[in-house]
Amino acid sequence: MASRFLFVALFSLAVFHVSSVPSQLQDFCVADLNSQVFVNGFVCKNPNTVSADDFYFSGLDKAANTSNYMGSNVTAVSVTNLPGLNTLGISLTRQDFGSYGLVPPHINPRATELLVVVEGTLQAVFISSTNYQMYDKILNKGDVFVFPQGMIHFQYNRNSTNAVAFSAMSSENPGLVYMANAAFGSNPSISDDVLAKTFQLDKKTVDLLQARFSTTH
């Protein structure tokens, strides 16, 4: 039965394409990840060097390790590990949740996300920019939920049993910004004064959070 819902997830990915993606000017543009040329995306490999492996990724049938603080793990299939996605405007993630696992509040700055639950139960939430309205839904196996592009959102397993979901993304490189990491783990660090005033915390607490989320060690 799980394979049936995996098929649904992959089918959703195949048809999930937004109008903002430019029309193709050629059959494909496999990303040359080693090029030193900087453009909006990746330059194309010479078609004569392209192989079927450039359009192939394996391993989404395997559960990822969730024995971390958040109790979750996201396996992304994007242009950085599937170069054939370049310019196609689609990508995919597998999300594994252990007991009470959480994918913490974050944004995907370049993509809308279409989530389908294939095992367990998840709470799906996003916050709009209008009065910070929260949209909250409990999803069961086979349920689908959409997170609009750029909205803060999270997924939470409110149960002790594991859960699995797949997401189709409307970009080959959707980006990921965890809110806490961005605020307290930036490099260089945001000043204590700014963070203390923004989050209404004392500077000692800010220092503790910066030490926990620091990306410099």
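Here the Cβ of each residue, glycine as well, is placed from N, Cα and C on the backbone.
Computed from a predicted structure; not experimentally measured.
Per TrEMBL, the features are:
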type     : residues               : note
SIGNAL   : 1-20                   : signal peptide
DISULFID : Cys29-Cys44            : disulfide bond
DOMAIN   : 58-207                 : domain 'Cupin type-1'
BINDING  : His106, Glu113, His153 : Mn(2+) binding site
BINDING  : Glu113                 : oxalate binding site
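Locations of recorded TrEMBL features on the structure.
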{"residue": "Cys29", "record": "disulfide bond", "Cβ contacts under 8 Å, 6 or more apart": "Phe42, Cys44, Asn86, Thr87"}
{"residue": "His106", "record": "Mn(2+) binding site", "Cβ contacts under 8 Å, 6 or more apart": "Ile152, His153, Phe154, Leu176, Val177, Tyr178, Met179"}
{"residue": "Glu113", "record": "Mn(2+) binding site", "Cβ contacts under 8 Å, 6 or more apart": "Val146, Phe147, His153, Ser167, Ala168, Met169, Ser170, Pro174"}
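Residues of the domain 'Cupin type-1' (58-207) grouped by DSSP class, helix first, strand second and coil last, total 22 helix, 56 strand, 72 coil. For the recorded positions given as Cys44, His153, the lowest number of other CB atoms within 10 Å of the residue's CB is seen at Cys44. Taking the centroid of the Cβ atoms of His106, Glu113, His153 as the Mn(2+) site, the other same-chain residues with Cβ within 8 Å of it are Val103, Ile107, Asn108, Phe126, Phe147, Met151, Ile152, Phe154, Gln155.
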